[in-house]
Structures are given as C-alpha cells and as structure tokens.
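A.B. asks: Handing you a structure now.
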C-alpha cells in the first residue's frame, strides 16, 4: 500500500499552518502571501500615526535564533509587534541550551509558557521541521533559516521585491550569483522563481561553489560571470558563506572579486533596467562593488523594508490556520 505524502506545513485542509520551506507551496499560495504583504506595505506607507493591526493581539511569539542575525530577527520582531503580538527574544547564549538542554526540551518548556508561535533560526538543516512535528496543534513554526536548507521568508520577500519592480514573473531572466552551494537563500529563491513561472533562472559561480543538481531544478549554470549576466532582468548577489565552508574552495577574496564581483562594468551587460538584490550581509569589495550596492539599480534596502510586510503576512496567515 502506497503511503500518501503529507506536507507538514499544511493543515488537513491544505492551509498553511507552518512556514518551513517554499518547496511544496503552490503558486496560488505564494501569490496569496505576496498579495497579503502588499496590504501591509500600504499600511506602513499610510499617514496613520499607529501602524499596528490587532491580528495577533493576545498571542505570544518566541524568536529563537540559534545563529546570529540582525535583519531577520529585527524584522520579525517589528512584524510581530505591528500585528500586536507579545514578543520574546530568547538569548540562546544565556539559555539552558548552552548548558546541554536538548532542542525539544527547550521547545517543550517554552510551550508550557503558552507560546503560540516559534520563529526559529538554527544551524542544523531540518530543525524547524523537528520542532513543528512536536508542538501542540495550535502552535505555529516559522523557519527563519536552517543550515544550508531553506530561508523561506527571505525567498518570499525577494519575490515581493521582484514583483514590485518587474510586475510579471513570466517574462524575466533572473541570475543568482555567488556561493550557491552553501546558500539557503538561493535554494528558496530557486523554488519560488520556478514555481512563479520565471522562464529562465541562471546560477553563476565557480564550480567549487555550485551544488550538483541545479540543472534538474531547471537552472542554467554559468561559470563565466560576463556570459551569465548578459540580458538578465534581476541580479541576486550572494555573499561567501565562510562559516559554512570546509577546506580551501577559493584562492582569495580578491581573486573572487576579480572573477565574480558585481561591478558597474559587469552590470552594464544586464538589461538597462535590471535590478540588483542582495539578502545581506554584504561584503563590499568581495561580491559587490559599492558603486553598484549604492547605485540607482540597487533595491537592496527595499528588500529590507518589504521584509517587514512579508513577515507580517506570513505570521498573520499561519496564525489563522490549525488542525484543532
């Protein structure tokens, strides 16, 4: 008898109760998140003195960041507070996990404190899935980045940014450049782009930093930066994930910049109205030139701004769905 696979992110009725990965989400579901985020962007842009809505009033959101973060943790905190939630940021270094307590014991203890939602960043791929399997039916889990695996809210805010500036996904060429091998953002972006109907997704980087199987995901692979940038509409730059590298995969940061750094001259090979994106943190002079990062085609700070609205949308949507 064949066992039916059930997406652990979804309720029995197919609604989103956790956000663990973009993989497995339908085009309609991603579009619904982006449309909802658009409403929150409008709220932030309005003249209202109070930017809050009562969607999560009375709910407790626990931010559990087992890896360092600035943008993601801060924007999740702002998003939860704008939804009127009570927010607790757990200091992992001062918590019992630093004393040997297991991840699930930590989650069980926090659940006993009436947690309604966990936002989790962890170095181990799959950690948010493990948590989602063990929480009570009314508790929701959002993956804020797990190992090399996925960073779904970054992928969604990247899609929101692209849609904002380019409108239609179905006539775009998008290039992702850099350390794709170690990048959870790249994986999430690729799944989102292909699901939303982008006809050509390119991966550009040295052989040592590109994973196998990209072609099977519908991605065109380029090892030559200039060739890969020709005629693209969107350039997504990635930093070198030195903390996840083992062994000498690159000769030096300077050599990397010579071969794969995004300079104004290289950007000129893309379409004239191409936009430049970066999930941060940026390493200027390594993967991107300051003239590009701060230039007129850069939408990097827009990504950060849109990230709040996208995370508000995700939290609001999952909070309304459960198997109870």
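The backbone N, Cα and C atoms fix where each Cβ goes, glycine too.
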A.B. asks: For the carbamoyl phosphate site that Swiss-Prot lists with 71, 72, 151, 154, 280, 281, give the additional residue from the candidates 27, 121, 202, 266.
C.D. replies: 121
A.B. asks: Same chain only, sequence gap of 6 or more: which residues have a CB within under 8 Å of the CB of residue 72 (carbamoyl phosphate binding site)?
C.D. replies: 65, 121, 144, 145, 153, 154, 307
A.B. asks: Residue 151 (carbamoyl phosphate binding site) has how many other Cβ neighbours within 10 Å of its own Cβ?
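C.D. replies: 26, counting other Cβ atoms within 10 Å of residue 151 (carbamoyl phosphate binding site).
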A.B. asks: So if I measure Cβ to Cβ from residue 281 (carbamoyl phosphate binding site) and keep only same-chain residues at least 6 apart in sequence, which ones fall under 8 Å?
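C.D. replies: The list for residue 281 (carbamoyl phosphate binding site) reads 70, 71, 239, given in order along the sequence.
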A.B. asks: Rounded to whole angstrom, what's the largest C-alpha distance between any two of 71, 72, 121, 151, 154, 280, 281, listed as binding carbamoyl phosphate?
C.D. replies: 16
